[in-house]
């Protein structure tokens, strides 16, 4: 049987291997800058909203700030909508409510984790090279909290465009002139396509890249749909391949540790048997009678369980300790006729 120290070492090795595999399989995630959902937030640019480029594994916090002194509290209900809903500022059909900002004296924080597969049935799932939209059709007042048309989406362009897994520096100028604005693109795309010759000025203003990314996601592009499906398929294949490789490595390590423990156990058992065989009954036997024990029979030869320190046998002491009582091994002697026999006449 494996010793407790060996058992603890094997468990520690397995835990370290599992932790290492999890660290290798998990991409380098980061927490994006939180977004305060307020009409005073300057990040919501007119006609464009807020465009971010998260990667799989990143986290984004949307904060409903608490009421400030001297200003009325802004009531909002945030939705995850489709591109056409974001363009029309309408949440009438199939609304997906994310969070409701309706507690003036409390800061509400809603965290979005960009993951391709969610362990929760109601969790959000995102795909690479796809665009997702968050907006609100509330007007900021308590009476307009349940509005499904217009609201701050239309008046202040309060929307978040999330371009998952895309590169903000990837520029494709050809799409500005050949592609047609679709419902998935917002007002910035329409403005850019009206003046395609101002490409250099768009670069200097820092808006050119955002336009290209939004135009890239629209179905008007020639091979956009097939490219998205191919990239999604490739990402799924890569993910399953990584998971499969990790499982194979984990199984190989488990098999190696099992074989190692069996070898150690076999070696320990063989060593114990060799030491037990070396201790013969002749070397362990010691007569019970002695100088101070008169009247004892010579046949009562007692073999002590624990001999000298060099000939100590751990197996016999373990058995004796398990059963709780000392065990004596008595050598059998042939019966002898008594020396003194008296006959009554």
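Cβ from N, Cα, C; glycine included.
The compositional bias 'Basic and acidic residues' feature in Swiss-Prot is assigned to 204-217. According to Swiss-Prot, the disulfide bond annotation covers 64-101, 89-153. Look at Swiss-Prot and you will find 30-164 tagged as domain 'Ephrin RBD'. Sequence annotations record features per position, and here Swiss-Prot assigns N-linked glycosylation site to 139 based on sequence analysis. Under the heading region 'Disordered', Swiss-Prot lists 169-227. The feature motif 'Nuclear localization signal' is assigned by Swiss-Prot to 259-272, with similarity to another entry given as support. Residues or ranges marked as topological domain 'Cytoplasmic' in Swiss-Prot: 258-345.
Candidates 64, 101, 139 (recorded positions) were compared with residue 153 (disulfide bond); those inside 10 Å Cα-Cα are 139. Cβ contacts within 10 Å of residue 153 (disulfide bond), excluding its own Cβ and spanning all protein chains shown: 28.
Between residue 64 (disulfide bond) and residue 89 (disulfide bond), the C-alpha separation comes to 20 Å. Secondary structure from DSSP puts residue 89 (disulfide bond) in coil.
Look at residue 101 (disulfide bond): DSSP puts it in a strand. Spatially close to residue 89 (disulfide bond) yet at least six residues away along the chain are 135, 137, 149, 150, 151, 153, 154, judged by Cβ distances under 8 angstroms. Summarising the environment of the residue listed as 'N-linked glycosylation site', the number of other Cβ atoms within 10 Å of its Cβ, over all protein chains shown, is 21.
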